[in-house]
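*Asks:* My questions all concern the structure below.
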Amino acid sequence: MEKKVVVTVVCVAAVAGAVAAGVVLRKKMKKDGKWGRAMEIVKELEEKCGTPTAKLKQVADAMVVEMHAGLASQGGSKLKMLISYVDNLPTGHESGLYYALDLGGTNFRVLRVHLGGLNGGIVNQEFAEVPIPPELMTGAADALFDYIAAELAKFVAQEGQEHELPPGRKRELGFTFSFPVNQTSIASGTLVRWTKGFSIDELVGQDVVTELSRAMKRQNLEMHVSALVNDTVGTLAGGRYTNKDVAAAVILGTGTNAAYVERAQAIPKWHGALPKSGEMVINMEWGNFKSSHLPLTEFDNSLDGDSLNPGEQIFEKLISGMYLGEIVRRALLKMAEEASFFGETVPSKLKVPFILRTPDMSAMHHDTSSDLKVVASKLKDILEVSSATWAL
């Protein structure tokens, strides 16, 4: 493990969270009779979100300790440090037609990629992105996988003759499943727990490849799952395809995670024969990292307490796209209640959890117009606040 890499990615992630949670609020303040109290709330938030270099080093050191513990034994750390069974990464020589299914957030993607080998690279890539209805994220396992398989079958049905395979050959599918999985082979693994708003209890402990394969069979779809990978592992493989020096990958999206190439001999919990490459890709599942050094605020703590998985995925709840907008909403709600930020009446929409999405928060953060048109538009459309005027 390279400590320097860990320090770098933690710096980027923590600072991104602090800036998003703090600066957005300051840019759209409106002076009124309780301006002082409003500023106190913002100042306190900024201070508690602070990530000076010394604190970042403490966070990084604490993460390194947990990484070693997670590599030493199963369940030895909040960081699962999952063995991916990927001991060889792409070389750039790969060629042929491949399919992928990427499930890891509120949308999933199906892809068809034609690789041209060393000199051809990615010849062609086509994909479809499909939103997942909220009720399927907390419903039955069969309902979720039947929906996914149906969309995959629809994608394949639209193919032209140029994508036809020889008789008797099934389409090969790589299944990117971006949730903690105890992998038992390159193409099998059982779900450890759900994250990012999913909660289907009957699937925990089950082989996700088996569930998908059954659903594809119900759709009469001739496709074989040849590899199960986490999206972070897939990102690492994609990077290695074009750059042989890539050794780590980080996801900062709906959720957050990291994967890296570890020396096989540095994994005490690995009991199989050492791979010929001498290496193994480790899926850290760092979203579940927790440390007293993390800059937790009252808004982070209340969000965690109200979540589907209290006490879990703390690092993810601090910095990932699913939660940043909600942290800002909670801060705005406190300002509205204690400093009449939006007038004497607290906007009813401001009390609705997750109504302020991270993309909307990001758009407000990047509004540099003199009258903050984007901020005003978002507040009106989302929170139904229309009486305020804004200026830098």
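Using the three backbone atoms N, Cα and C, a Cβ is placed for every residue, glycine included.
Pulled the feature table from TrEMBL, pasting it below:
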type   : residues : note
DOMAIN : 42-241   : domain 'Hexokinase N-terminal'
DOMAIN : 248-387  : domain 'Hexokinase C-terminal'
*Asks:* Return the average pLDDT for the domain 'Hexokinase N-terminal' (42-241) as a whole number.
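*Replies:* Result for the domain 'Hexokinase N-terminal' (42-241): average pLDDT 89.
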*Asks:* Over the span of the domain 'Hexokinase C-terminal' (248-387), count residues by DSSP class, listing helix, strand and coil in order.
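*Replies:* DSSP classes over the domain 'Hexokinase C-terminal' (248-387) add up to 63 helix, 20 strand, 57 coil.
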